[in-house]
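First the structure, in the form of structure tokens, and then the observations on it.
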Amino acid sequence: MEGLTFYWISWFFWIITTFFMKKNGQSRFMLSLFLLLLIIVSPYTVTVINFDLSIAGLFLCIPLGYFCSSLDWKKMIYFFICSFIIMLAYVCFHLFSLFDPVWLIFPRNWMLAAILLIMSLVLQEKKIYRMYIVLLGAIQGEFLYALILSKYSFPHVIASLTFLDVLSLSIMLIVLWNGIELLASFYERHFNQLEREKQKLS
């Protein structure tokens with residue numbers, strides 16, 4: 001069922017932000033509200049210049065615009081270069097899966113999510129940037145893929161529930177990887193501190 005993965009992951013993150021984040025922070029309320037509205041608008045589409053576009057796709061542009069406005073021009077240029085590379089990978093994967101689906105030995109959504117995770121890790125060292133370049137690159141990829149399919153008169157809904165499944169999987173994998181990195185750095189600092197204390201005692 002399309003969208004099932006998106007709904008499960010979105011509700012999971014909504015529960016985390018609503019019940020486990022600090023209750024005195026404004027970011028908690030905004031993030032919870034954003035996730036809830038994203039779930040509500042996800043089934044609906046609009047037609048823009050002969051293209052069917054999910055309202056959720058438009059809604060996802062809000063945090064992107066806010067994030068990009070906080071960057072200086074050097075970081076913004078690199079950010080757009082990274083998202084452009086993500087976009088190319090996204091479109092190439094879909095074209096290969098469309099015209100030569102034999103090589104899809106694993107579920108398509110999981111394969112694409114894993115590719116986006118690996119590319120975000122290679123392109124960005126900062127943890128929060130990884131999610132945003134995947135988000136922007138995937139949305140750009142949806143527009144380009146829809147444009148290519150329109151040349152062959154193939155119907156395609158931009159930012160459909162299938163797209164949201166892939167995006168939510170990618171975000172979840174990035175969050176898990178970031179958590180592993182933070183845990184590893186914590187244990188590294190802890191063990192280094194123990195080693196220094198042992199050296200002092202000896």
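Just so it is clear, glycine is given a Cβ too, placed from its N, Cα and C backbone atoms.
In TrEMBL this protein carries:
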- 6-22: transmembrane segment (TRANSMEM)
- 29-47: transmembrane segment (TRANSMEM)
- 53-69: transmembrane segment (TRANSMEM)
- 76-96: transmembrane segment (TRANSMEM)
- 102-122: transmembrane segment (TRANSMEM)
- 129-148: transmembrane segment (TRANSMEM)
- 154-180: transmembrane segment (TRANSMEM)
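Comparing 76-96, 102-122, 154-180 for CB pairs under 8 angstroms to the transmembrane segment (129-148), the maximum falls on 76-96. Between the transmembrane segment (53-69) and the transmembrane segment (102-122) there are fewer than 3 Cβ pairs closer than 8 Å, counting only pairs 6 or more residues apart in sequence, which means the two stretches are not in contact. Beyond its flanks by at least six residues, the transmembrane segment (6-22) meets 28, 31-32, 35-36, 38-39, 42, 161, 164-165, 167-169, 171-172 of its own chain at Cβ-Cβ distances under 8 Å. Long-range contacts of the transmembrane segment (76-96) within the same chain, counting only residues at least 6 positions beyond its ends with a Cβ under 8 Å from a Cβ of the stretch, are 68, 103, 111-112, 115-116, 119-120, 123-124, 129, 132-134, 136-138, 140-142, 144-145, 148.
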